[in-house]
Amino acid sequence: MGTASRAGIASARRIVVKVGSSSISGDNAGQIAPLVDAIASVHARGAEVVLVSSGAIATGMPFLRLDDRPADLATQQAAAAVGQSVLIFRYQESLDRYGIVAGQVLLTAGDLAAPDHRENAQRAMERLLGLRLLPIVNENDTVATHEIRFGDNDRLAALVARLVDADLLLLLSDVDALYTRPPEEPGARRIEHVGFGDELDGVEIGSTGTGVGTGGAVTKVAAARLAAEAGTGVLLTSTAQVHSALAGEHVGTWFAPRG
């Protein structure tokens with residue numbers, strides 16, 4: 001049974017945390033440590049956590065001397081091949097402070113579409129969690145084709161939440177919530193709560209202009225609905241507010257689950 005309301009976040013037993021490229025790469029690479037701090041805190045209270053992390057391409061770009069996200073697939077794949085290993089190293093280096101070991105899980109959309117592949121992924125994930133390890137999931141950008149632009153892993157995070165029957169899906173980006181209009185405009189209001197099945201027209205999640213990720217309001221709302229439909233509560237907020245979010249404080253936009 002998923003987390004039915006914000007009040008249950010602080011006691012959620014199985015949590016999927018998704019973080020976007022722009023939040024943990026480039027000038028924001030320093031946010032990995034506080035993100036790990038927050039994950040370690042809920043891990044210490046006994047919760048099981050899966051981290052879905054974008055950022056392989058963005059992390060690999062400087063090593064290929066690229067200033068902007070490459071447009072061609074082959075260079076994206078090359079950047080991902082380099083960046084994924086660096087990204088996992090950075091996470092593990094930070095996790096070492098808490099004695100937590102990460103397990104890398106690279107998936108494509110096809111892995112979760114085919115029943116036998118999905119069962120294999122589920123079995124591996126359950127075993128990692130049972131061993132008190134931290135699965136770090138990313139799309140396998142080095143071999144993916146059109147999936148490489150697949151909503152900056154928002155949909156993948158929702159599918160992983162369904163796969164492991166998570167209580168909570170925490171979608172992190174570099175803006176704090178959904179808004180009724182662009183948040184920098186006068187009169188913009190934060191949308192605090194979205195009831196299951198509620199219509200959302202014209203919502204905004206802000207713009208970062210970083211050019212390193214592919215997600216936006218549409219992909220995040222679609223992912224939130226996908227997870228909520230399966231009974232998982234969803235909170236959308238900024239990476240900077242991850243501690244407050246996991247403590248159940250009143251931040252971000254809450255998507256109530258079915259039931």
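Using the three backbone atoms N, Cα and C, a Cβ is placed for every residue, glycine included.
Database features (Swiss-Prot):
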type	residues	note
BINDING	LYS18, SER173, ASP174	ATP binding site
BINDING	SER54, ASP141, ASN153	substrate binding site
Original post:
Rounded to a whole number, what is the top Cα to Cα distance in Å among the residues the record ties to substrate, namely SER54, ASP141, ASN153?
Top reply: 11
Original post:
From the Cα of SER54 (substrate binding site) across to the Cα of LYS18 (ATP binding site), what is the distance in angstrom?
Top reply: 8
Subject >> Protein Cβ atoms within 10 Å of SER173 (ATP binding site), excluding its own >> reply: 28
Original post:
Here the binding-site residues are ASP141, ASP174; which one has the lowest number of other Cβ atoms no more than 10 Å from its Cβ?
Top reply: ASP174
Original post:
What whole-number distance in angstrom separates the two most remote CA atoms of the ATP-binding residues LYS18, SER173, ASP174?
Top reply: 12
